[in-house]
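Quick look at what Swiss-Prot annotates:
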type   : residues : note
REPEAT : 35-68    : repeat 'TPR 1'
REPEAT : 72-105   : repeat 'TPR 2'
REPEAT : 120-153  : repeat 'TPR 3'
Amino acid sequence: MPRSRINGNFIDKTFSIVANILLRIIPTTSGEKEAFTYYRDGMSAQSEGNYAEALQNYYEAMRLEIDPYDRSYILYNIGLIHTSNGEHTKALEYYFRALERNPFLPQAFNNMAVICHYRGEQAIRQGDSEIAEAWFDQAAEYWKQAMALTPGNYIEAHNWLKITRRFE
């Protein structure tokens, strides 16, 4: 049974109903409809913390989806799961892959910056200030890209860039 039929959350049910109506009226191929169903089920599982199920759905959606823009969001969500699981190297890989298909994903740049900043903090705790600075510099570059795409967002990152004199 598709996940959309078993979800008890009102907002998810509403989204599923609207998505199903749109799938019926918008001209799409059966493959595109099936890919979207897997994507939607992946989002639902992810929102409930069922990451293994979400990944299965996302991988199936990736197998079926041909549109690069749509694939970018699937890859981004896979990156989110790996981030949540502390698998930062894998997460970065998926964010990069998402950005290759859609370079206008500020949230991917932000998440990459957060991971780099975290790694910089880890390097400081390990007493390696040179490595920490390299990670912080990389975080700064990603945050600048995110802010360029969405001016006015990422205020905390903007403040960090100013405080650390990384803002140009």
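Any Cβ shown, glycine's included, is placed from N, Cα and C.
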*Model confidence over the repeat 'TPR 1' (35-68), averaged pLDDT*: 96
*Helix, strand and coil totals (DSSP H, G, I; E, B; other) for the repeat 'TPR 1' (35-68)*: 28 helix, 0 strand, 6 coil
_Tally of residues which DSSP labels helix, strand or coil - the repeat 'TPR 2' (72-105)_ = 27 helix, 0 strand, 7 coil
